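Taken verbatim from TrEMBL:
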COMPBIAS  10-20  compositional bias 'Pro residues'
DOMAIN    22-132  domain 'Ig-like'
DOMAIN    198-275  domain 'Ig-like'
DOMAIN    289-383  domain 'Ig-like'
DOMAIN    583-679  domain 'Fibronectin type-III'
DOMAIN    681-776  domain 'Fibronectin type-III'
DOMAIN    868-963  domain 'Fibronectin type-III'
DOMAIN    981-1065  domain 'Ig-like'
REGION    1-28  region 'Disordered'
Amino acid sequence: VTPAEAAPAPAAPESPAPPTHPEEPLDPIGLFVARPQDGEVTVGECGNITFTAKVAGESLLKKPSVKWFKGKWMDLGSKVGKHLQLHDSYDRNTKVYTFEMEIIEANMTFAGGYRCEVSTKDKFDSSNFSLTVNGKHSETLILFCRGEGKSESQSDVDVWDILRKAPPTEYEKIAFQYGITDLRGMLKRLKRIKKEEKKSTAFLKKLDPAYQVDKGQKIKLMVEVANPDADVKWLKNGQEIQVSGRYIFEAVGNKRILTINHCSLADDAAYECVVGDEKSFTELFVKEPPILITHPLEDQMVMVGERVEFECEVSEEGATVKWEKDGIELTREETFKYRFKKDGKKQYLIINESTKEDSGHYTVKTNGGVSVAELIVQEKKLEVYQSIADLTVKARDQAVFKCEVSDENVKGIWLKNGKEVIPDERIKISHIGRIHKLTIEDVTPEDEADYSFIPQGFAYNLSAKLQFLEVKIDFVPREEPPKIHLDCLGQSPDTIVVVAGNKLRLDVPVSGDPTPTVIWQKVNKLLFESEGRVRVEMHEDHCVFIIEGAEKEDEGVYRVILKNPVGEDKADITVKVIDVPDPPEAPTISNIGEDYCTVQWQPPKYDGGQPVLGYILERKKKKSYRWMRLNFDLLKELTYEAKRMIEGVVYEMRIYAVNSIGMSRPSPASQPFMPIAPPSEPTHFTVEDVSDSTVSLKWRPPERIGAGGLDGYMVEYCKDGSTEWIPALPGLTERTSALVKDLVTGDKLYFRIKAVNLAGESAAATIKEPVTVQEILQRPKFWLPRHLRQTLVKKVGETINIVIPFQGKPRPKITWLKDGQALDSKDVGIRNSSTDTILFIRKAELHHSGAYEVTLQIENMSDKVPGPPQNIKLVDVWGFNAALEWSPPQDDGNAQILGYTVQKADKKTMEWYTVFDHYRRTNCIVSDLIMGNDYFFRIFSENLCGLSETAATTKNPAHIQKTGTTYKPPCYKEHDFSEAPKFTHPLVNRSVIAGYNTTLSCAVRGIPKPKIFWFKNKMDLSGDAKYRMFSKQGVLTLEIRKPTPFDGGIYTCKAVNECGEAEIECRLDVRGNQMNPMHKPNTARKRD
């Protein structure tokens, strides 16, 4: 590995270049031929150093991508300038790429950890190294706290205080959140702090150990010197600072002030103030402003295999962001799946070929904002909105086959009797949006055939037949009455159906001599030869009725009348126009939850003349313009539960109606709505205090509040034995504590609390046991501070402030005495509270000396001996030992239980002997009992007044068995762990390229370990050297060396043990390197 070599420094002999390390062998796994080494350099003009990384390019098709980082996040590609240069070169002889990072005139802020990352199309490698920068003065502690230096815009967050209190595992997270770029260097300098400073003679007040300021703001560094006339020097990283527009020096009395305007990252350095031979050091930390997300991510819906590109815009160019999928960070090690891209202020996450597993919520995070978007990946599915229909046309007429599919990007081919139709001057093929057309002009008898449309990539075949109508004209004698030659004559009126927007052409064969006059009528309205979209044409042997761009108003019964001198004939034709449905009305939203809602709508007012087949629902964010389709199968019902929404984001919904003609225009958008959920129940709900008429409660906020926020808390109580809950407070409270007043003494009450927000009430947090409304008695007791346990000495004129905490309920009466006499309230101040008492003397005098006595007194508070313990049990007897358990006495005698006295007695003599005295636990083991005897045990409880009058005694004696008794262990049936083989991961069908090794893998489970057999087309592969079989921890692998098309087929894996057998199979297709153009797959299918 090539070392990082320091530049020669003749002016600084105390910092020699680091020694050259011998070259390491080539890395057989990674990409590096030589990795950058740790380096050391001295501050100053000669502080130059170069780090070198070499990458083998013999196996690479193109130049690898290399990035240099400082710390974990800071990309140095955007920091190239005066102090940093990046170089690269390529040696054609050795085929090695060389990448160099040169640091020029290093300063103390350059110290820290660095990383070099190299990546190619299918490989990735990284190397870490560090730089140590030696200064010309001892370092001081880096404390990011506020001192005398005042910034015009100080941050509300003290970064150093947060970092100092946080555990080491949180350092990286805090560094990213608050923009710390040199975390490692900062921690190294922190270890070298001087904990104690010598008292200075030149400085009355030194600089604080560290200051912090936001980037672009102003800060003042101030010291106080002992000599008002003393001259000071200000240094930055050991170099004297000269007066400029950014650096301003001020001298006001004993104060010396350095003002730095418009702070930048270059001002993040060590500063010194020098007075004579003494120095005052500090560190200035320049904090970058938080990175904001100015344009958030947008939801996307794609098909499997399509490219996905998430885009967001941040407030600064080249900013560092984190990408997450469903809460899991997407790291650079996943480069093969995800690609990260930066373009100025825009950040991109790219997935080249999406799969179903890529569906989920994607999050981009900066230290100043978060944006979430949802990706839905759907299987490709094609719907046919309008199929092609059979046609019957006459000679030299036009035939148009038309179909409509759901995807406007799908292409296809037209077939005639199984052969592809080639367009020419007479045959036209068009594709506009979702509509595909085949148009044949001047139809001839040769055009009569079966026509099909096949969408590319889908197993669809839309077929129709073209019939050629040959009109034969027989000789008609003169003076023939007019006649209309229609098949429907004499029957019910024929109905002609036309799709709105299409052209309707009716050819009516007629005869008569002399040539008859043709009259067309619609509901007693005459139609002339040229009347807007409707026109009539008259020919020698037929008349033509044409409607251009049919509309709904064109529906009705049309009558054609023929007249000549010989006679008259007429016929009625019914025309029906069908269309897509009208758009439904705006849907309504109900039952809104955390990430779901219910959408309801009504059918369209007009169904287009065809029944509505279903509905399509779309959703979008309020501030977005991109609508996402929520269903691919048509919805048959008029309600739908939409899921997978993000809580706190405003959405809109709209609906489409679909019939056999097509899809309607979208409905108006629904009212905007926000998915929110009630918060979780409050936590740590407890009773803090109880009096004769009040109960004090406290709790903590819910663990999950949600996007709906928190409006307050509802406190309720219920009497024991009742089911009615009564509000304890008027309305909601925003505090996390409550005092319930005006309660009846002696009542037993249950309390519960609910958190409330826009979505409603949370589950209730309830106190399990009822609370008795009664003052809890507590004996009065002083908690005398340690310094008051001896004589307190004060000087005349000093202030005396004695604070003595105490306990006692109800609130005790407090009395102060001095030498047995009451105190003068004009000379001595007394303040009492429920928890302490204070004696205050503003200016001590000699007559204040003496013995002070304070007394606590609670009325009707009397002590007595406690009752006996409860529930004494003989838990176990073994060997010469017996185990006992009991419960504390029900009556403690208004005093604290100090312990228990345990006694034993032999059943023969019943003489009691003390085993334990002043025993504090409620369980014990009595040892050294005599074999063959029976023992009784009794226990007394004890408080300040003495032992209880009675004792709790065991009902049954403990028998100590004699030796010789043998223990017979129970017999357990051994569990049978055997299991028949079962495949836990299947074989997957694969298609590979000939000449490249391939593997088939699956996983199996079974006890005892099953024996594995591999078959190809039911032929055993055990003896074939072309196949290698592996089995590791239940994972089975079959390796096929350089397969050929002959190796394709059905592969079977069979597992057998004594409990049974199992097998699984898959198909392997082996493709050649080049497709033979003579063997083009025949996608046409002839219609029977």
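Heads up, residue numbers simply count up from 1 along the chain you see.
Even glycines carry a Cβ here, placed using N, Cα and C.
Just so you know, TrEMBL annotations never went through curation; they're auto-generated.
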Look at every Cβ pair spanning the domain 'Fibronectin type-III' (583-679) and the domain 'Ig-like' (289-383), keep those 6 or more apart in sequence, and say whether at least 3 of them are under 8 Å.
yes
Can you tell me which recorded stretch out of 198-275, 868-963, 981-1065 has the most Cβ pairs within less than 8 Å of the domain 'Ig-like' (289-383)?
198-275
At least three Cβ pairs under 8 Å linking the domain 'Ig-like' (198-275) and the domain 'Ig-like' (22-132), pairs spaced 6 or more in sequence?
yes
For the domain 'Fibronectin type-III' (681-776), what's the model's average pLDDT?
90
Which residue counts does DSSP give the domain 'Fibronectin type-III' (868-963) for helix, strand and coil?
0 helix, 52 strand, 44 coil
For the domain 'Fibronectin type-III' (681-776), the number of residues DSSP places in helix, strand and coil:
0 helix, 45 strand, 51 coil
